[in-house]
Every structure is written in C-alpha cells, then in structure tokens.
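**Q** In case it's useful when we look at the structure, here is the feature table from Swiss-Prot:
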ACT_SITE  TYR872  active site, O-(3'-phospho-DNA)-tyrosine intermediate
COILED    778-860  coiled coil
COMPBIAS  34-47  compositional bias 'Low complexity'
COMPBIAS  60-76  compositional bias 'Polar residues'
COMPBIAS  77-93  compositional bias 'Low complexity'
COMPBIAS  102-119  compositional bias 'Basic and acidic residues'
COMPBIAS  130-148  compositional bias 'Polar residues'
COMPBIAS  149-168  compositional bias 'Basic and acidic residues'
COMPBIAS  230-239  compositional bias 'Polar residues'
COMPBIAS  253-267  compositional bias 'Basic and acidic residues'
COMPBIAS  285-294  compositional bias 'Acidic residues'
COMPBIAS  354-366  compositional bias 'Low complexity'
DOMAIN    584-914  domain 'Topo IB-type catalytic'
MOD_RES   SER170  phosphoserine
MOD_RES   THR286  phosphothreonine
REGION    1-369  region 'Disordered'
REGION    640-645  region 'Interaction with DNA'
SITE      LYS466  site 'Interaction with DNA'
SITE      ARG514  site 'Interaction with DNA'
SITE      TRP563  site 'Interaction with DNA'
SITE      LYS595  site 'Interaction with DNA'
SITE      THR652  site 'Interaction with DNA'
SITE      LYS678  site 'Interaction with DNA'
SITE      ASN720  site 'Interaction with DNA'
SITE      HIS777  site 'Interaction with DNA'
SITE      ARG795  site 'Interaction with DNA'
Amino acid sequence: MGTETVSKPVMDNGSGDSDDDKPLAFKRNNTVASNSNQSKSNSQRSKAVPTTKVSPMRSPVTSPNGTTPSNKTSIVKSSMPSSSSKASPAKSPLRNDMPSTVKDRSQLQKDQSECKIEHEDSEDDRPLSSILSGNKGPTSSRQVSSPQPEKKNNGDRPLDRASRIIKDESDDETPISSMFRKKIDSGMSGGNQLSNDEKKPLVQKLHQNGSTVKNEVPNGKVLGKRPLEKNSSADQSSLKKAKISASPTSVKMKQDSVKKEIDDKGRVLVSPKMKAKQLSTREDGTDDDDDDDVPISKRFKSDSSNSNTSSAKPKAVKLNSTSSAAKPKARNVVSPRSRAMTKNTKKVTKDSKYSTSSKSSPSSGDGQKKWTTLVHNGVIFPPPYKPHGIKILYKGKPVDLTIEQEEVATMFAVMRETDYYTKPQFRENFWNDWRRLLGKKHVIQKLDDCDFTPIYEWHLEEKEKKKQMSTEEKKALKEEKMKQEEKYMWAVVDGVKEKIGNFRVEPPGLFRGRGEHPKMGKLKKRIHPCEITLNIGKGAPIPECPIAGERWKEVKHDNTVTWLAFWADPINPKEFKYVFLGAGSSLKGLSDKEKYEKARNLTDHIDNIRTTYTKNFTAKDVKMRQIAVATYLIDKLALRAGNEKDDDEADTVGCCTLKVGNVECIPPNKIKFDFLGKDSIQYVNTVEVEPLVYKAIGQFQAGKSKTDDLFDELDTSKLNAHLKELVPGLTAKVFRTYNASITLDEMLSQETKDGDVTQKIVVYQKANKEVAIICNHQRTVSKTHGAQIEKLTARIEELKEVLKELKTNLDRAKKGKPPLEGSDGKKIRSLEPNAWEKKIAQQSAKIEKMERDMHTKEDLKTVALGTSKINYLDPRITVAWCKRHEVPIEKIFTKSLLEKFAWAMDVEPEYRFSRR
C-alpha cells in the first residue's frame, strides 16, 4: 500500500488543530487495521494494488525541489522512518493526470526522508518506526487538511479542492461497500488503538487525521452512518457529529440540502448520488448493530457514562453551525482525543452564570426530543420612552431632569393611586435606585421633599384623553397594535402553526411583588436584545432583531427543551423569564396530561406510602422520623415542600423550611401553623394530628430557639429523593396535585343531586372552594367588594318589593278585584290568578338566584378558585362531571381554560380520578 509523508501541514487562520473541517471521508482513513490483517497490509506495502476507494483531500506537500508530490502509488519499506504516514489508496481519482514513474516514486521517498525532522514531537529521542512497531499493527494515518482551497507552493498549480473533488464524480456509481470494505474490516480492532493513543503526546494526537470515538462507536458503524460533507465551522473541531436516525423523508431532505450547498457555495463537496447512497445504507437496514431504534435519552445516558467529562456540564454548541435542519437527531459527541481541545469551550460554559445558577437555569432538558423543526420571530419589545417634559417640584421649586431620570420619576408618580406609594419599603427601594440615576451632586437629596403632583396630573390628563377617543380611533389603534404583534404571536413547530404564550418583553417599571416583598419599589430596568437568548431549530432563519444596531445575546438549537426565549430577571438575576408556547399548544397539553397521570398513578401507591411513613414516626434515626412527619404534613395538609431563601428574597416558608416559631403544639394533639406561604400569603391553620406526629414535633422543637429549623436534618432534595425511592418520579408537588384532584372527584360524586344547572354549579363551586382552602389559595379582598355587595342587597330589596305587589294582586284577582296601580303610578292589566302565580314563581326564582350569588361572592371573597383549576385539578374530572350531569362546560371553564384543556374534552363521562 502506498504511503505519503508531509513536511508541514498547511493551516488556514491558525486552525490547524481542528480536524472537523476536513471532509468526513478523509477522517475515515484514520481507522486502525486489526492484527489479523497485518500480513495483508505488509504485502500491500511491497507493491501497488489498485483500489476503488476514494482518496481523501490532502494538504499540499512541498518537496525540496518545489514540486508537490503525487499521491500515486509509492513503494515504501516498512523500516523507513516517517513522522506522518498515511495508508492511501493505490490510485487516487482526484489526480489521475500525475505520472507514476519510478523516478517520481524515488523522489517521493527522498522527500519523505528529508521532512522527517520537522514533525518530531515530544518523543524526539525515539524513532517513529519503533513507536509504530510497538503498536503491533499498522500505524493509523495522521494528516491535517485545510478546508479551504489550498495555496500555491513555489509556483505550482494550486490544488483546488473543488476541481479535484468534481473529478471524483466518476466513482459515484461505485458501490460503497467496495469503496469502504477495507475500512469496515479494519474497524473491528479499533479497541486496542485507544490505549495506544492515550499514551501518545498531545501534539502527535493533534496531527492525527480525525478523532474517532473508539470507545463509543465502532469504526465500521461510523463509516456507514456518516455521509461525506463539509462542516465550515472551525470552532467545532472538538465536537463529533453523532449518528443520525434517518427516515425516508429525512433522506430526501438531506439530498436537497446537498444540492442547496452546491448552489450557494459554488463548489461540490460531495457527489449527491454518493451521499444518497450512504444515507440509503441506513434505510436498507445494513447497519444491524446501530442504535437508531434506541430512545435518544438512553443514547445520551450511554454517551455520558462513557465520557470522562461530567454529564452535569452542558456541552458547548456552536451557534453559527451550517448543519441543515433536516438532521434533527444530530448529537455532539466529544472523543477522548479531542477533550483537550474542548477544554476552553467547556470552561466558558461552566463559568457562565446561566449554567452555574442553582435556580431555574435553562437546562438541556430530559434528553427526550420535543420537536424536530422550530421557527419563530423572537420577542417584541416595549416602545421606547417618550419624554413629556413635565418637571417635578423639589422644596416647591421645579427641577430639570434628564430623560432617564424623568422616566423613573414618572413610574413613581403614576402609582400615587395605589397603596404601594405610601409603603416605607417601597419608597426606600425606589429612592435608592433613583438616587443612583440622579447622582450624588444632584439638587434632589431627599424623596420626602419631592412633589410629583405635576407629573401625576399630566398622567390623569392622558388617561382622560384615551377615554374620550372615539370608537373608530380606538379600533384603529387596536388594529395597528395587532399588526405589529401578529408575526410574534405564532411559532411553527414541526410544520404546525402554534400560538405563543407570552411573546412580549416586560416593560421597565417599579417592582411590586406580592405581600411584603423586601424588593418592592426597586427599578426593573429595560431589557435589551443583548440580554435575550433564543431557541430555534437548526437551519431555521434567525429572527431579526427589532431594535436597530443591537443583536441577540445567543441563539441555541436545543430540541430537548420547549422554551423559545429567556433572559435574566432584572430584579432577581438568579431567576429567569421564559417564553413558552401557548397553553393550548400540543407540547403544553402533553406536559399537562403527563402531570395529571403521574398524580393519578399515586392512587395505586398511596396506601403503601402512608403505611411507610406511619411506621417511621417512631424510627430511631432522627432523619427518618423527620422525613416521615414532613411527608405526613404534605400528604394531609397539601403543604408545599419549600426551598431555602436568600436574604434579598421574600421570607416565605414551606414544609421543609418551617421554623420552630411557625408551629405551636396545643394539647392534647393539635398543631397550629402560622407562617408566610408562597406569594407572601399568610397560612394560619389549626389541625388535629396523629398522637405520634404531635409527640415527634414536640421532640423536634426541644432545645431550639424560635428561629431554628424545625426539620434540621431535612431539606427538599432529601425529601424528594426519599419519595422517588418509594415511587419513581414522585415529588412533594405530586401530593398537592393528587390531594386536590381526589378531593374534587369525591365531593362532586357524593354531593351532586338532581336539580337545575344553577344548583349543580353551586355544588361544583363548593367543591372547588374546598380544594382552594386545602391548597391555601387565598386572595386579598377586592376594593370594590363592599360596593358590589351593597348593590346586590339593594337590588334584592327592590325585587322583594315587586314580589309583595304580585302577591297582593293575586289575592285581589282571586276576589275578583282589579289590581292596584304599580309603584310608578301606571295601571296594571287584570290577569287570571294562574298568571299571577306564574309571575310570583318567576320573581321568587330571580330573588333566590341573586341571594345565592351574593352569598357565594361573600363566601369566596378571600378564596382564589382559578389557581387550583389551572394548576392542580385534573380537567378530565370536570369534563366528565359536566357530561354526566348535562352541565355546559362553558359554565365551569373560561375560554382560555377551554383552549388549555382541549386535550381533555374527549374523556368519557364515566371517568374517575381514583382507579379504585
């Protein structure tokens, strides 16, 4: 077999350490032959043997006389030292015009001997022949190639890449099996090469041609799975493309992608026919041992277990990849040989605040592919601030402000109508942020001396102008707004148009928070495109940045997640704001269904779980006792698990973060809970518990101060880890969904009686209220609640007066007397007693309904029914109940909920949440 040596590889732009820029067929020559083929390889060295194998493109090799050696067959003795040897085919179809004389071959041997010194690495004290012989097999090829057309060498004609590869089309009809037969045979012994390569110096490894992942993918399979193509991104040198599970549709897409690449770049990287043949190899089922039928999540798991890198670290992704969108299953696999080259890239990812954040950071998903193609237009930004020029007063004197200072002052002035305006914490945080904009030497030095009345009055005038607008003007404004937002409202997922949930970037303003949030009043700065990361499909057009002169922070192509965009929360940078598809999208519907199925599955295990934690109430291990008591409280009271809070976050509490002072033991076995729950809503509840639970809580409190943790041996992660041991996938949150749904299902089944639709709706609202109380879904009483109740009361009194008149007229009709005049002085037509009785019945029903509505409004004034409907109640329970009792679903679900739960509308009327 002929060999070729290179004096120095030609690098483009210093990217010589990248081997992914070479055609993939070139990398296949890196495969090491098996020991069983040693004798055959030796015999091939002694004489040239013609072959149909396609020769890879090479960098030009400069000989002493200034000519480029031919890649024709050369006779090279096995004892000849060479720093870079390459087993090449006997005849290359790329350069079929070169002479094959003995003189040329001897000249090539001379050139190879002279360039040996220039490629010596850290093993300078040893001849390469001894290293090669130590491997007990033919040496693997090592050669570096430039992806660009090569430069002239001493006046020689440049080895133009396109012209050479075009000549290769004559071999398009050659069967791939014959072209790559030797490669497949040699791939069987690739396992022994890994240990030898690990011992080689890094420089020597970098000069090798390609980085085959020998410990993960057999060489024979890689050859059959990867078509010849060019990756133009030099930054992806260390990332190997994984095997692609192709379907008949994807084969066509790949062929079209090849044609497009030829048209766009004006050069042929590979014959379309050849690429189609390589792809069809997979379709014909010739690769019996591939893993295309293995779920992608398992393949990710296998990759991470075979790699020395931590699976927790996200893999670097090059954003400007030219990969086609027709390759949905492409994965980045880092070979052992290329780990050193990816060190810097991984470090950047690790140090990023997004990857290291411990709270809601964008992850790589669960490894399951959520979509194949994704196209959207990004997000829409709020309009820029328009200055009004109104001055505020400081100690009675007008003060000039810059545009930035005026914008923030206006944010504060327009909140004069709210309670926040007078809250000390709100004013303090606002002043601290506004003072930074004003500067230390500004005339305004104290917030209390500022009078924002001029701006507030301007604000009221603007509101009044909007109210005075005609219907046509309002309609025109609305249409203009819709026209601007239309293109941002939709995404195309796998060819299906889906509505996006919230595509608007939040405008700047003053943070309010819920309850007594410690950050209320802080400035929410304006979000810019350079802070936003987008997620789209590979090959999809990158959304145009709507703000001139700016650009997106990053563009990802992660099909294991469903978010479309995210950015850091301006108030709490450890948290993120996401843009997802709408609630009615197929992806969201599937996610909801899986959530409720997981909770429903708990019905099969709940008895065993309760038996387990009851037994552990008396466990000797304190940690096990605390886990048992915490699980009991989460199960019986539907408490949230709770997470640790930073000092600058609202001091809300969950089960695992309860303090000793939040729990009071009341003999003989009652516990009073008093703490600030999620959204800073106070949770106050006194419940009767099991005697063993009462005793255990008393023991947990012993010797501790009120600010100490009640469960000092426990946190949320430990609790969830224990629950997952009992039931795979079980977390504390599943208990809330289970308890909410099972409560609704049982109450509706037990309390629904025959009656009209209105009465049945009252039964549903009562059950919904019970769920809301269990989940502590509270709300503050509306400011207009009192006025609404007064209005209803007055209306009921009016109806009762009318009822009295009707009853009086009924009595007069029975006596044959004419009816009395109405309260408005008008005469009333005489009617038969039956007609008066009918009017009385209608009026009584109207009064009864209004009284029922008023009672419900008063009863639910502090209870939020919507939260449990949206997040915790299996919608199939409601839909099935409505079908069984002939209640229109529109009476229970709003229009938005009907869209969100479209997947549940086909449920059978007999559906029950409990499978028992």
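Just so it is clear, glycine is given a Cβ too, placed from its N, Cα and C backbone atoms.
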**Q** Determine, using Cα-Cα distances only, which of these recorded positions is closest to ARG514 (site 'Interaction with DNA'): TRP563, LYS595, LYS678, TYR872.
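**A** Of all the candidates listed, LYS678 is nearest in space.
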**Q** Taking the Cβ of LYS595 (site 'Interaction with DNA') as reference, which residues of that chain separated by at least 6 in sequence fall under 8 Å from it?
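**A** Non-local contacts for LYS595 (site 'Interaction with DNA'): THR737.
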**Q** Which residues does TYR872 (active site, O-(3'-phospho-DNA)-tyrosine intermediate) neighbour through Cβ under 8 Å, counting only same-chain ones at least six apart?
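**A** In sequence order, the residues whose Cβ lies under 8 Å from that of TYR872 (active site, O-(3'-phospho-DNA)-tyrosine intermediate) (at least 6 apart) are ARG736, THR737, ALA740, SER741, VAL771, CYS775.
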**Q** Measuring Cα to Cα, how far is ASN720 (site 'Interaction with DNA') from LYS678 (site 'Interaction with DNA') in Å?
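**A** Distance between the two Cα atoms comes out at 19 Å.
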**Q** Reduce the DSSP letter at HIS777 (site 'Interaction with DNA') to three states and note it down.
**A** coil
**Q** Give me the count of other Cβ atoms within 10 A of the Cβ belonging to LYS466 (site 'Interaction with DNA').
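**A** So the number of other Cβ atoms within 10 Å of LYS466 (site 'Interaction with DNA') is 10.
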**Q** Determine the minimum-neighbour residue: among ARG514, LYS678, listed as recorded sites, which Cβ has the fewest other Cβ atoms within 10 angstroms?
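**A** Output over recorded sites ARG514, LYS678: least Cβ neighbours within 10 Å is ARG514.
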**Q** For the region 'Interaction with DNA' (640-645), would you mind checking the mean pLDDT of the predicted model?
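**A** Residues in the region 'Interaction with DNA' (640-645) carry a mean pLDDT of 75 in this prediction.
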**Q** Between HIS777 (site 'Interaction with DNA') and TRP563 (site 'Interaction with DNA'), what is the CA-CA distance rounded to a whole number of Å?
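**A** Their Cα atoms are separated by 27 Å.
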**Q** Is any of the recorded sites LYS466, TRP563, THR652, ARG795 within 10 Å of LYS678 (site 'Interaction with DNA') (Cα-Cα), and if so, which, in sequence order?
**A** THR652
**Q** Which has the fewest other Cβ atoms within 10 Å: HIS777, ARG795, the recorded sites listed?
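**A** Comparing Cβ neighbours within 10 Å for the recorded sites HIS777, ARG795, ARG795 has the fewest.
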**Q** Out of THR652, ASN720, which of these recorded sites shows the lowest number of other CB atoms within 10 Å of its CB?
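**A** Each of the recorded sites THR652, ASN720 was scored by Cβ atoms within 10 Å; lowest is ASN720.
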**Q** Can you tell me the CA-to-CA distance separating TRP563 (site 'Interaction with DNA') and ARG795 (site 'Interaction with DNA'), as a whole number of Å?
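**A** With distance taken Cα to Cα, ARG795 (site 'Interaction with DNA') is 50 Å from TRP563 (site 'Interaction with DNA').
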**Q** Neighbour count, 10 Å Cβ-Cβ cut-off, for TRP563 (site 'Interaction with DNA'): what number do you get?
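**A** Excluding its own Cβ, TRP563 (site 'Interaction with DNA') sees 18 Cβ atoms within 10 Å.
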